[in-house]
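> Dropping a structure here in structure tokens format, bear with me for questions.
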There are 2 protein chains.
Amino acid sequence: MQLQLTSPLDMHLHLREGAMLDLVAPLSARDFAGAVVMPNLVPPVDNLERLAAYTAAVRQATQDHPFAPYMTLFFREYDQATLEAARPHIIGMKLYPEGVTTNSAGGVRDLAAIAPTLELMQHLGIPLLVHGESHGFVLDREAEFLPVYDRLARQFPRLTIVMEHITTAAALDLLDQHPNLYATVTLHHLLITLDDVAGGLLQPHLFCKPIAKRPEDRAALRAAALRAHPKLMFGSDSAPHPLNRKEAAGCAAGVFSAPVILPLLAEFFADHDALPHLQTFVSDTARSVYGVNPPQTTITLAREPWTVPEAYGNVVPFYAGRTLPWQVVERAYA
Amino acid sequence: MQLQLTSPLDMHLHLREGAMLDLVAPLSARDFAGAVVMPNLVPPVDNLERLAAYTAAVRQATQDHPFAPYMTLFFREYDQATLEAARPHIIGMKLYPEGVTTNSAGGVRDLAAIAPTLELMQHLGIPLLVHGESHGFVLDREAEFLPVYDRLARQFPRLTIVMEHITTAAALDLLDQHPNLYATVTLHHLLITLDDVAGGLLQPHLFCKPIAKRPEDRAALRAAALRAHPKLMFGSDSAPHPLNRKEAAGCAAGVFSAPVILPLLAEFFADHDALPHLQTFVSDTARSVYGVNPPQTTITLAREPWTVPEAYGNVVPFYAGRTLPWQVVERAYA
């Protein structure tokens, strides 16, 4: 049994820099025709010079494959000249909750402070990508942030707002309430719950932010993905950390899923008799939401067992060492 | 400022075997006049011969201090002769539902099937100590188990039942509904929530079963401990694992709190103006519930800063490397 996907897209990806970039970027670029590249480096990608340099580094690291890096700027207050200069080079701006907390009147003040930049983004057609978590109790952070999305969507009705890596049924409910609100969902939030992270032995390689939630939340995300909800895009949030930052006294948040995404998505959609919706979920929806036109690629998967490596370099992948029923058997680049 | 405690008791303690027993047992025995010693070894302490050998090993490891090891048998179905023979040597029987925590693979599968043994225990006056968690979603396990406590307390009204290491406000509510129901609470569940485990970096040394819960649950536990709830005993559930079983791809559940318990309890009760209740919480309640008469010891703590070691042997303690305002300054044994 085979499956062909046309130009898969990963609408939320961490590629890092330096040696890590060189290690992980090809693993995304060989399977995906394009990806939204996150700007949360140290220091962040928050100016045009850094953006140009990082874009060049990503292109260099992915040069062996036809791959469109959809770059993002780290959200801060920018003036019109900067945004206009950036616009041809970015797909959107990524907002992290620092400075936009929902917890207090302070959150409202912060939102007011960034309104001019949001106004410009709306005017210029630059999407806003948001890591939507409050500073509250770890399991409540996404739910507590939803009113911020609600307010932003009302206040800037022509601004495209993407709720990144949603993990709750409540976020899906909100998704349907505003035409300018979209979302990405990761592979791992479709597959695991907090039980997989902490229900037996604690699994640092499954630890991520937002943290995996309850079975009911996963069920809602699964249902939406499997029917290719028209506003829900695939975004892996694949986020590599070296082994010694994961199996450690303080374990960094991030699941490195890049090399196993398409086999696991094929298995998941096949197991739920939803394979006809996978192309929409993993590519078409993003093309339509963002209006992008990625390189033409054809990725063929087959139902042939494949064992995930225990590590790629010093990074342990999602499902390390597990044997998966599907694998990528051919990558055809036009 | 000083504080004297008379014969502190730890009513839930894991001492392990072999080199680990020799490492950790003195750290409890120097501060505590007695402790309830858990039987979940490999294989479990579930027969009289093993009980005698383990008791001897614990006595050997704690011989430098006056210390009463209150031994337990691993719950399974026992006949009357065995229970009668065991009774002088144990403080109770510890019931694990199968598979819910460290070394619980031989635990109970069918609670209805164990009624005859519970009947005998009630008849013989042997308390039942329970790790009360279902096999459900990790955050719901204790709440889902509460109906079992409720049923057992009604069905065996003269059986002393101890809900071990409770973590939820709901468990405290149940505590007041049956005169034969008691509970222990750990130090770490008074101090941390899931936010401390997984809200920032993931902290394997704070990972335990039952997992730390929500702020509201901690608040309820704190209130009950600080007023020395008459049915709530201190039980540390101190559970050492070697470093390489904690900072690992699969991290074992357990917080090693033994060496820091009294300093942290002193700080916690002092910070909440509840020092006068600490003696009751950490000793008197257990003496009255179990009718034990531990060795007479006097542990003096002073408000003098003390830095917790980064490790004891190959075990990382709770609050490793942190400087605590209180420390034990004198241990007087009668």
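Cβ coordinates come from backbone N, Cα and C, glycine included.
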> From the candidates B:His131, B:His135, B:His205, give the one listed by TrEMBL for the same Zn(2+) 2 site as B:Lys94, B:His165.
B:His131
> Same substrate site as B:His14, B:Leu15, B:Arg16, B:Asn40, B:His131, B:Ala253 according to TrEMBL: which of B:His241, B:His272?
B:His241
> If I go by TrEMBL, which of B:Asp195, B:Asp196, B:Asp217, B:Asp237 binds Zn(2+) 1 at the same site as B:His12, B:His14, B:Lys94?
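The one candidate that TrEMBL places in that Zn(2+) 1 site: B:Asp237.
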> B:Ala253 (substrate binding site) to B:Lys94 (Zn(2+) 1 binding site): how many Å between their Cα atoms?
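Each residue's Cα considered, B:Ala253 (substrate binding site) and B:Lys94 (Zn(2+) 1 binding site) end up 18 Å apart.
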> Applying an 8 Å Cβ threshold (strictly under) against chain A, tell me which of the binding-site residues B:Arg16, B:His165, B:Asp237, B:Ala253 fall inside, in sequence order.
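Near chain A, the qualifying binding-site residues are B:Ala253.
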> Tell me the Cα distance separating B:His165 (Zn(2+) 2 binding site) from B:His12 (Zn(2+) 1 binding site), rounded to the nearest angstrom.
8
> Cβ distance under 8 Å to B:Leu15 (substrate binding site), same chain, sequence separation 6 or more: which residues?
B:Leu21, B:Val24, B:Ala25, B:Ser28, B:Ala35, B:Val37, B:Met38, B:Val58, B:Ala61, B:Pro69
> Counting other Cβ atoms within 10 Å of each Cβ, which of the binding-site residues B:His14, B:Arg16, B:Lys94, B:His131 scores lowest?
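Per-residue Cβ counts within 10 Å for the binding-site residues B:His14, B:Arg16, B:Lys94, B:His131 bottom out at B:Arg16.
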> Count the other Cβ atoms sitting within 10 Å of the Cβ of B:Asn40 (substrate binding site), across every protein chain shown.
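Around B:Asn40 (substrate binding site), other Cβ atoms within 10 Å: 23.
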> Measure from the CA atom of B:His165 (Zn(2+) 2 binding site) to the CA atom of B:Asp237 (Zn(2+) 1 binding site) and give the result in Å, rounded to a whole number.
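That comes out at 7 Å between the alpha carbons.
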> Measuring Cα to Cα, how many Å separate B:His165 (Zn(2+) 2 binding site) from B:His131 (substrate binding site)?
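With the alpha carbons as reference points, the distance is 8 Å.
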> Under 8 Å Cβ-Cβ from B:His241 (substrate binding site), six or more apart in the same chain: what's there?
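Sequence-distant Cβ neighbours: B:Ala252, B:Gly254, B:Phe256, B:Val315.
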